[in-house]
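As written in TrEMBL, here are the features:
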COMPBIAS  1-18  compositional bias 'Acidic residues'
COMPBIAS  113-126  compositional bias 'Acidic residues'
DOMAIN    42-110  domain 'Histone-binding protein RBBP4-like N-terminal'
REGION    1-31  region 'Disordered'
REGION    113-135  region 'Disordered'
REPEAT    224-266  repeat 'WD'
REPEAT    290-331  repeat 'WD'
REPEAT    335-369  repeat 'WD'
Amino acid sequence: MAEDTHEEYAMMEEDEESGAAGSSKKKKKVYIPGVSRPLREDEEWEFDPEAYRMYHSFETKWPCLSFDTIDDELGDGRSGFPLSCDLVGGTQAEKAMSNELIVMRLSNLHPIEDEEASDSEDIDESPDSKEPKMHAAALNQGKVTLWNLTPALQEISAMEGRDRVVKRPKERPLFSFVGHQAEGYALSWSPLKLGRLASGDIRNKIYLWTMVEGGQWVVDQQPLAGHKKSVEDLCWSPTDEAVLASCSVDGTVKLWDTRQGFFAQKNFLKKKSQKFCRSPPSDACTCTVSNAHESDVNVMSWNKFEPLIASGGNDGAIKVWSLKTMQYNEPVARFRQHKAPITSVEWSPYETTTIMASGEDDQVTIWDLALEADSADEIDGVPPQLLFVHMGQSEVKEVHWHKQIPHFAITTALSGFNLFIPSNL
């Protein structure tokens, strides 16, 4: 179930008025989380196709609690249907040794058709010509490692026909690092420097990875230190390759200059020869936002157009921080539509002011910071910046925008994947 929160609510009012006038038209009501009354036992959510330009769903053998999009060669900014996209996801199996890294290609993704549209254009198409297709290659893994996805993508490109899955159990990782000595959830690739990776763990350590000459990998053995509890998320600056942001269970958001303590070395003279030593890793922290949320800060995302960082916390709040003022511990925006911890947040790669988020309340919300309150369209209990609410999944874990297809949203949950384009974007 989903809603365009403002347009669909207006439709509900029109239907109620027509019903009062004796019209036989069935009433249409939109469920707004936190505003609408609870469903009765004889009621259920109903999918509204008018809220979407495109909607598809699929499942993998095991749920993928984390995933990402893979850039392809079909071009940026494309919008013509049918669409195609490549994804990579990590599974959550019953047994750890059964977990896999799945590379997927989803093709033949068609829009939702207007019921009144003529079907003359489809007259020559076979019955299953518009069925979306999924091709996948699975890589077995037993620990967190770096993988080369090229062989799996080549395997997928060679597939033809209906849905198909190929396993590659003998695929070897490029590199493995065991220095964390504890599990972790935070990973971030630099968008500016090829082969630059940051990883964080539950022991509050952040390690920096670098690909060096010959395709070899080096992990600095002196981690960034400063958080008091588990590091939950990381993101590199989209404009400065040395700047990294982190958030933690300790309730803070931190900015790090990785040139400090790791590459900017202090020097001293001894016996006429110059020697170098590292400055403490804590020197790399250039800004700390204390009590950024009421409790854990779970996720964050860096705006590629403006100096803004969005964060989501266990308090269910989404906050937006300006790099110009965040040292004063005051966000420039905050939203509280979600009634449970935020599990994912991401800025749109195409719209400067648009954010997507998900929460443990099974909501996926899309926001536009540029919108202001309008008394004519305002709904009690609904923030004016709330553009869209997507529901119907169970335990939503992560959301991403497709980097090459405008407004294309992808979500993953215990119940599977959803792919959609809202009608009001």
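Including glycine, each Cβ sits where the backbone N, Cα and C put it.
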Tertiary contacts of the repeat 'WD' (224-266) (same chain, 6+ residues out, Cβ under 8 Å): 184-193, 196, 198-208, 276-304, 307, 309, 311, 321, 323, 326
Per-region confidence, the repeat 'WD' (290-331) (mean pLDDT, whole number): 98
Summary of DSSP states over the repeat 'WD' (224-266), given as helix, strand and coil counts: 0 helix, 22 strand, 21 coil
